[in-house]
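Visitor: Here it is: the structure, laid out below.
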Amino acid sequence: MEGEERTSAKLKLAAGAVGIVFGDIGTSPLYAFRETFVGPHKLTIDDAHILGVVSLIFWSMTLIVSIQYVSLLMRADNKGQGGTLALVTLISRHIGESRWHWYTLMLAVFATALFFGDCMITPAVSVLSAVEGLTVVQRGLSPFVIPIALVMLVALFFIQKRGTARIGLLFAPIMILYFVTLAILGVGHIVTAPEVLVALNPWYAVQFFMLDGWLAFLALGSVVLAVTGSEALYTDMGHFGRGPMRLSWFAFVMPALLLNYFGQGAMIMGMGDAAAADAISNPFFVMAPEVLRLPLVLLAAAAAFIASQAVISGAFSVTHQAVQLGYIPRLTIQHTSQKHQGQIYIPLVNWTLCIAVILLVLFFRNSSNLASAYGIAVTGAMLIDTCLLAVLLLAVWKWKWYFWVPVAALFFIVNGAYFLANATKIPSGGWFPLLVGAIAFILLTTWSKGRRLMRARMAEVSLPLDIFAKSARNSTARVPGTAIFMHSGASGTPSALLHNIKHNKVLHERVVVLTVQIAEVPFVEDANRFEIEEHGDGFYSVQLRYGFMQETDVPAALKAIGRAKKGPDYVEPAPQTIEIGGGPFEMIQTSFFLSRQTLLSAETPGMAVWRERLFAWMMRNAATPMQFFNLPTNRVVELGSQVEI
């Protein structure tokens, strides 16, 4: 009975993964096969080229998605979480503070930067390619493609604020229907031209290169579109688990995709030259009988909508991780569900993506032009994942060199070839994700380095808390209540506390120096949430620990301290009371003191002046600690100080 329940739960998770995770790679049949023949480097439409392209798609999906991501990288989970940032934190724990740590960290940061470019292109190319199916139904509808796509995309971004919990219930049934439709369409054409199945033999891919050489290499830039979204499988692993995602991929999604790609090839092979030349402009929709093409367009549009939603949710999730790990300034983050912690909304990210997607649609005009911009971000991220995988195999899993070298070399050759092929598209659109990636990389690294420099400068003038407590013991008047001083450093006296003494010349009867630390794991258990150190005379240091996937709710954590220290028989104190070092005290008698730094650019070693100014601008526009830590607005006092970097 228990085994049946586990199986049922696994199947439900697998179905949920189909609805959320596989939307990006699932919409690739709309344009991937087409682009190899009608893209910037057109191929001859004959059996040899069709079989070569289909064989490349099959083996790319096998090597990159099934082996590299699903079989290998999914084993590298950081407390159940996947993704580039989670992977690099896992690697960091094994390689320590060596120079390799810096290299892997920079690779992960750049992959994250490229991801934001991918998040802008994916909704645009997915929705446009789906709506373009209307031109197969009726060529006269061509002028309406861009307006319809823009309406869909704007609506998509407008609903983010309210969350997608309700409509999310429809995602799995729609995507399951979509993948079943892919398979049925493919099988219907494979039975008419079963000779397409010989493309399972990799020799046809080899022959393709022998036949066309350089042109075949350039075609890789379009073939790789069939595996876009493979990194999303690893990134979203924490939502559904390794087992259910592998089950849904191998048992359902991969077979449906391959049947459709082989079906597209079989359909074109069975046509005459004129019909094939006409059908290759949109083979996915031509696969369906005329009477079913409009329903297929609607289903594809729904799938593209869901794929875009998954990408936007991924952008929110990665941004939240980057904020917690210290690569992005504090942002306003709203939780859209009380049941699911991971469902968040970040207004700045949402509207930035919205504007970028609209501009992309208006600038590139069709999905073929956008496809040129698409590949470079995806292949760049996959190549970086390959580098991190090589480090993982050697440093973490301790593979022997005679296993490590051939496996790493295989994936470097495959992913490197795809990246170089897409690099030829930089002038025709590939520049966009690289530009976005470069800007994001500068912002991420500037914020991270600026914070380190600022903390170092503040630590130089800081006083150890024990010494401060002793010096203030008898020299400063005490007033009733509790003062909690938020501190970004691991030790020392907060500047707000020093300035409070300097200007107000009083101390509260209970002084708490509170530090929030983000661990390099997704989640920290409540039992490991806090650490309290007493310094005497009413001085306490409290350290709160969170994982990079968790919300930093300071008042809630402070209330939990009393419960954890007293054990299971502890009686919950009155509302709005918390407890540290002795007895409970009321929140209404508590003040939170925050330090607000004003940066001064100085001719000291650190960063270039333009980066110092950029860092200062980012600080001014960051969300306040009061918002980020969920502090009560009427209990917060801010004290300013100046810091030279």
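Every residue, even glycine, has its Cβ placed from backbone N, Cα and C.
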Visitor: According to TrEMBL, which stretch among 12-33, 606-627 corresponds to the feature transmembrane segment?
Guide: 12-33
Visitor: Taking pairs 6 or more apart in sequence, does the count of Cβ pairs under 8 Å between the transmembrane segment (171-191) and the transmembrane segment (296-323) hit 3 or more?
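Guide: Output yes: the transmembrane segment (171-191) sits against the transmembrane segment (296-323).
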Visitor: Would the transmembrane segment (48-70) and the transmembrane segment (370-394) count as touching if the test is at least 3 Cβ pairs under 8 Å, pairs 6 or more apart?
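Guide: The transmembrane segment (370-394) and the transmembrane segment (48-70): touching, yes.
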